[in-house]
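Right, one structure below, let's go through it.
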């Protein structure tokens, strides 16, 4: 009986252990939220200069690559429908003439 009580107490202690959040401020691609593929970054296209379609946001808009994460897009820091996974160079700049994939939240 005592062993069962101890086992139940130990299992509940392990199950209720608090998980610490890792700092992903320097993570990119698949490391940042597990949403984008390796070599891609989450970007937020905040303006639309060539119509109301998605390509207008990516090709003609202002896409921010820094300080954008899936969590910020879900917290309405990035307007709905304007969060994309865009391929990036090793220096973190956005590649020209490549397709960005919309992230659906």
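Backbone N, Cα and C define each Cβ position, glycine as well.
What Swiss-Prot lists as signal peptide is 1-17, and the listing cites sequence analysis. Here Swiss-Prot flags 36-85, 44-78, 45-63, 86-100 as disulfide bond. Residues or ranges marked as N-linked glycosylation site by Swiss-Prot: 48, 67, 97.
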Pop the Cα-Cα gap between residue 36 (disulfide bond) and residue 86 (disulfide bond) into the table, whole Å please.
8
What number of additional C-beta atoms lies within 10 angstroms of the C-beta atom of residue 85 (disulfide bond)?
22
Spatial neighbour of residue 85 (disulfide bond) that is closest, considering only the disulfide-bonded residues 44, 45, 100 and their CA atoms:
100
Between residue 44 (disulfide bond) and residue 100 (disulfide bond), what C-alpha distance do you get in Å?
11
If you count, for each of the disulfide-bonded residues 36, 86, 100, the other Cβ atoms lying within 10 Å of its Cβ, which residue has the minimum?
86
Roughly how many Å separate the Cα of residue 45 (disulfide bond) from that of residue 100 (disulfide bond), to the nearest whole number?
10
Take the Cβ of residue 44 (disulfide bond) and count every other Cβ within 10 Å, whichever protein chain it belongs to.
23
Tell me, by DSSP, whether residue 100 (disulfide bond) is helix, strand or coil?
coil
Provide the number of Cβ atoms within 10 Å of the Cβ of residue 45 (disulfide bond), excluding the reference atom itself.
24
Would you kindly give the Cα-Cα distance separating residue 36 (disulfide bond) and residue 100 (disulfide bond), rounded to the nearest Å?
10
